[in-house]
Amino acid sequence: MSALGAVIALLLWGQLFAVDSGNDVMDISDDGCPKPPQIAHGYVEHSVRYQCKNYYRLRTEGDGVYTLNSEKQWINKAVGDKLPECEAVCGKPKNPANPVQRILGGHLDAKGSFPWQAKMVSRHNLTTGATLINEQWLLTTAKNLFLNHSENATAKDIAPTLTLYVGKKQLVEIEKVVLHPNYSQVDIGLIKLKQKVPVNERVMPICLPSKDYAEVGRVGYVSGWGRNANFKFTEHLKYVMLPVADQDQCVRHYEGSTVPEKKTPKSPVGVQPILNEHTFCAGMSKYQEDTCYGDAGSAFAVHDLEEDTWYAAGILSFDKSCAVAEYGVYVKVTSIQDWVQKTIAKN
């Protein structure tokens, strides 16, 4: 085969072939399949189909099939020469959480059930949580980002002081952090990684919801490396199941924490959470399971049974309850989703 004769090499039927100037397919491998036999009054059309690896899916308006035209261009009927992309699958853990896997002490052991869970370590070795929402971005709380920093710290000051792990203690490098413009009332920040993380059984983003899953009574799952009953950070990822609580009851429980002029807060944990239209509460279960210091930044993960997909309904903001208070407080993802999408697109 001359250099002028072969203009493109392609993979057909699992084997390498070449297309010459006459649009004829020639087998250029040593042990390849023979080319298809000819038929009367017909011809062989050369086409390829793009497919994605495990844990990725094809994103295209076409069907992924491209045909070689007379001008030696690979064309899809719907999108022309625009190539498809492989995007990460979200919210489809290989080993989803099983509510029967209860262990004594209230927390539940997680074995790959929450591949979106990241572990963030701030200055002075304080552990907090973060949630992977695509291959390169994570959500966490603004309070987590400001740990051991003054209120005057900037995002550029904060980013180099953080250490982040995904999957099975896989260290990833942080490029930047972005704080919500109203982070004093909307306790949220974004983390951008320097490189996209490969998605696999242990590392997978959770999906962002298209509707509000924070309905009273709905059960969600919260994972994390927060402190245990002995007030020590756990070495193993744990999770709990918690129901969404009535917001009015939650506000009454914290006794006026939304009214700044009250001088004597009466929170059962001595700290007042942010409670407003951007938050919801989840109640402690009858097994006295709860979130605790270090769990903030983790997702309130809801399993949509119809879609068999896991969504982040909220991000844990107030993790100080530790089975003392009845409610943890979460930032609604639907309240911040526009900001998240615009920030990611801008950066």
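Cβ coordinates come from backbone N, Cα and C, glycine included.
Values in this document were obtained by computation on a predicted structure and should not be read as measured data.
Annotation comment: Swiss-Prot describes 1-18 as signal peptide, evidence class sequence analysis.
Residues or ranges marked as domain 'Sushi' by Swiss-Prot: 31-88.
The annotation disulfide bond is assigned in Swiss-Prot to CYS52-CYS86 (among others) on the grounds of similarity to another entry. For the recorded site, CYS86 (disulfide bond), the DSSP three-state label reads strand.
As annotated by Swiss-Prot, domain 'Peptidase S1' applies to 103-347.
Under DSSP, ASN125 (N-linked glycosylation site) is assigned to a helix (H, G or I) in the three-state scheme. If you look up Swiss-Prot, you'll see ASN125 (among others) marked as N-linked glycosylation site.
For ASN148 (N-linked glycosylation site), the count of additional Cβ atoms within 10 Å of its Cβ stands at 12 [all protein chains shown]. The annotation N-linked glycosylation site is assigned in Swiss-Prot to ASN148 (among others) on the grounds of similarity to another entry.
Summarising the annotation, Swiss-Prot assigns N-linked glycosylation site to ASN152 (among others). Taking a C-beta cut-off of under 8 angstroms and a sequence separation of 6 or more, ASN152 (N-linked glycosylation site) has no same-chain neighbours. Under DSSP, ASN152 (N-linked glycosylation site) is assigned to coil, being neither helix nor strand in the three-state scheme.
Within the same chain, no residue at least 6 positions away from ASN182 (N-linked glycosylation site) has a Cβ under 8 Å from its Cβ. The annotation N-linked glycosylation site is assigned in Swiss-Prot to ASN182 (among others) on the grounds of similarity to another entry.
If you look up Swiss-Prot, you'll see CYS250-CYS281 (among others) marked as disulfide bond. In the three-state DSSP reading, CYS281 (disulfide bond) counts as strand. Same-chain residues at least 6 positions away in sequence with a Cβ under 8 Å from that of CYS281 (disulfide bond) are, in sequence order, VAL244, ALA245, ASP246, GLN247, GLN249, CYS250, LEU275, TYR327, GLY328, VAL329, TYR330.
Positions annotated as region 'Interaction with CD163' by Swiss-Prot, on the basis of similarity to another entry: 259-264.
Residues or ranges marked as disulfide bond by Swiss-Prot on the basis of similarity to another entry: CYS292-CYS322 (among others).
If you measure from the Cα atom of ASN125 (N-linked glycosylation site) to that of CYS86 (disulfide bond), you get 37 Å. Counting in whole angstrom, CYS86 (disulfide bond) lies 39 from ASN148 (N-linked glycosylation site) by their C-alpha atoms. Spatially close to CYS52 (disulfide bond) yet at least six residues away along the chain are LEU58, CYS86, judged by Cβ distances under 8 angstroms.
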